Amino acid sequence: MEGLSLLQLPRDKFRKSSFFVWVIILFQKAFSMPLGVVTNSTLEVTEIDQLVCKDHLASTDQLKSVGLNLEGSGVSTDIPSATKRWGFRSGVPPQVVSYEAGEWAENCYNLEIKKPDGSECLPPPPDGVRGFPRCRYVHKAQGTGPCPGDYAFHKDGAFFLYDRLASTVIYRGVNFAEGVIAFLILAKPKETFLQSPPIREAANYTENTSSYYATSYLEYEIENFGAQHSTTLFKINNNTFVLLDRPHTPQFLFQLNDTIQLHQQLSNTTGKLIWTLDANINADIGEWAFWENKKNLSEQLRGEELSFETLSLNETEDDDATSSRTTKGRISDRATRKYSDLVPKDSPGMVSLHVPEGETTLPSQNSTEGRRVDVNTQETITETTATIIGTNGNNMQISTIGTGLSSSQILSSSPTMAPSPETQTSTTYTPKLPVMTTEEPTTPPRNSPGSTTEAPTLTTPENITTAVKTVWAQESTSNGLITSTVTGILGSLGLRKRSRRQVNTRATGKCNPNLHYWTAQEQHNAAGIAWIPYFGPGAEGIYTEGLMHNQNALVCGLRQLANETTQALQLFLRATTELRTYTILNRKAIDFLLRRWGGTCRILGPDCCIEPHDWTKNITDKINQIIHDFIDNPLPNQDNDDNWWTGWRQWIPAGIGITGIIIAIIALLCVCKLLC
């Protein structure tokens, strides 16, 4: 008893020691420091690459649903190309699937389409459906179309991604992105006494939809939406549009808008002014590398090298001609040349308008920069065309040649003008801008390569619109209703891939790994250890580096798996379709034979000569390729390129826990020694 009594502490001292130990334990429990990718449970950084095709599913808690955008596979994102991937169907109810995390989208869409009778084509969004929360550009399209169906589906079987909800149909007036849903198998969580519970995100909810990134809006007007031949117009203002007939980038539309605004090539009447693009103009400029990094523009849309030429004027039979007038023009790209021969030598401060019936010289007027030259004569000039042939900010030269317009319809802006009594053979109007010199313009475009990702000043939802005629001559048809990426996958394999995408060749050459998830989990994880002096900032950097590195490899691996699986499914679909056709023919043949009508082939003719193809070997080869890529040759392990820092830092989580336990034991012994 005496030996046992030596090991016992007084009651008051025991209480103090126990309280001190419990404080340490609770402190460790409350301030857990996750280092690595944290999802449903804390994962070590090195475990991420081994989750694909390496782990088995023990419970549904190990599944994490992720929305992957189709633009990551290289599909065309402009409105004309995107609308060709959507179609209407009836008799198929919509389906909605929730997902936990997604990628930031560079291009989102917002549709409001009406039928010819004025009724709505698209259904309103159900309760709980919110717009996609991370959009760099939102393409807002309005217009009319036949809408031959109840709902707008994706022809390739992809989903329309909303905020944490993916639907098979398009809802009216809600931002959405195209994508597919993938499921990740997470490692089974390890329950320990000192581990804090994982932070749960609110289901289908995003608190901050802006995420400190500017969202720019482009507006369009579409005619005959959903039909084989449609017209899409990019809207500059309510009466000025640009007809788009080729793939383009949002940056091109922004620069085109600024150029038209700067040159004052806007409709000065209540009628429409529709500009078309010359074939020599490159509309695929200024490609972005997703959100974080803006690539230098490989080519600038130089306004001083563009020519604006009015082509024709169409009027309806209505009494109010001004409200029904449609003026068409062409924006062309001209080679750099000298225009000294077009500048009047005796009047260097004038803009020359050459008119076949006469010429009158007017004195120059003082005006502000950026205003138009307005011709207000009442007589009709046969064959007149206004063409801006040069400008560098303050200098502009305009000449007119014949197309059958009245002088009041020319896009110029001089409120008053009087003809000179000296001659009746020529007319020269005074502009509010001096004549362009023969020197090369030095004013850079407004969107310089070094500009930031903020939206341009003219890109608000009110003054940016997008309207376009988009009928592609070489448009590819869909390959079937397959619930996967399909066309995007074909593009990622090289058939339709856009070469200007930045690709991390270290991870893979078949997809774009420059992606980032917009989960609320990351902010909590990164901030969980920032309070520690000296150690906090470094640990946050470790977390971010590990997250970005492993996420890229994981997403690329998923895309490769989807690519090869989809091709096999396409072949299987084709084989099934042909087998069904062959079965129907046999049924018809039996029917005809029973009626003794002379045999199947005699009655069916060429339709009898259908032979179903055997695609078994092709499907088997694709499956073997998947096994070879993801089982025999798994994704690269991060240990292959570990250096001294990435090697010893893996001991940090364990070291922190061991150090805390040692400190607690030492403190307990010290307290016991002092109290004893």
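Using N, Cα and C of the backbone, Cβ positions are placed for all residues, glycine too.
Record features, source Swiss-Prot:
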- 1-32: signal peptide (SIGNAL)
- Asn40: N-linked glycosylation site (CARBOHYD)
- 54-201: region 'Receptor-binding' (REGION)
- Asn204: N-linked glycosylation site (CARBOHYD)
- Asn208: N-linked glycosylation site (CARBOHYD)
- Asn238: N-linked glycosylation site (CARBOHYD)
- Asn257: N-linked glycosylation site (CARBOHYD)
- Asn268: N-linked glycosylation site (CARBOHYD)
- Asn296: N-linked glycosylation site (CARBOHYD)
- 305-485: region 'Mucin-like region' (REGION)
- 312-351: region 'Disordered' (REGION)
- Asn314: N-linked glycosylation site (CARBOHYD)
- Asn366: N-linked glycosylation site (CARBOHYD)
- 406-458: region 'Disordered' (REGION)
- 415-430: compositional bias 'Polar residues' (COMPBIAS)
- 448-458: compositional bias 'Polar residues' (COMPBIAS)
- Asn463: N-linked glycosylation site (CARBOHYD)
- 554-595: coiled coil (COILED)
- Asn563: N-linked glycosylation site (CARBOHYD)
- 615-634: coiled coil (COILED)
- Asn618: N-linked glycosylation site (CARBOHYD)
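Annotated features taken from Swiss-Prot, shown on the structure.
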{"residue": "Asn238", "record": "N-linked glycosylation site", "Cβ neighbours (10 Å)": "13"}
{"residue": "Asn257", "record": "N-linked glycosylation site", "Cβ neighbours (10 Å)": "25"}
{"residue": "Asn268", "record": "N-linked glycosylation site", "Cβ neighbours (10 Å)": "18"}
{"residue": "Asn618", "record": "N-linked glycosylation site", "Cβ neighbours (10 Å)": "17"}
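Taking DSSP states H, G and I as helix and E and B as strand, the region 'Receptor-binding' (54-201) has 12 helix, 58 strand, 78 coil. When the Cα of Asn238 (N-linked glycosylation site) is compared against those of the glycosylation sites Asn257, Asn268, Asn618, the shortest separation belongs to Asn268. In the three-state DSSP classification, Asn268 (N-linked glycosylation site) falls within coil. Asn618 (N-linked glycosylation site) falls within a helix when secondary structure is assigned with DSSP. The distance from the Cα of Asn257 (N-linked glycosylation site) to the Cα of Asn268 (N-linked glycosylation site) comes to 16 Å. In the predicted model, the coiled coil (615-634) shows an average pLDDT of 65. Rounded to a whole value, the Cα-Cα separation of Asn618 (N-linked glycosylation site) and Asn268 (N-linked glycosylation site) is 62 Å.
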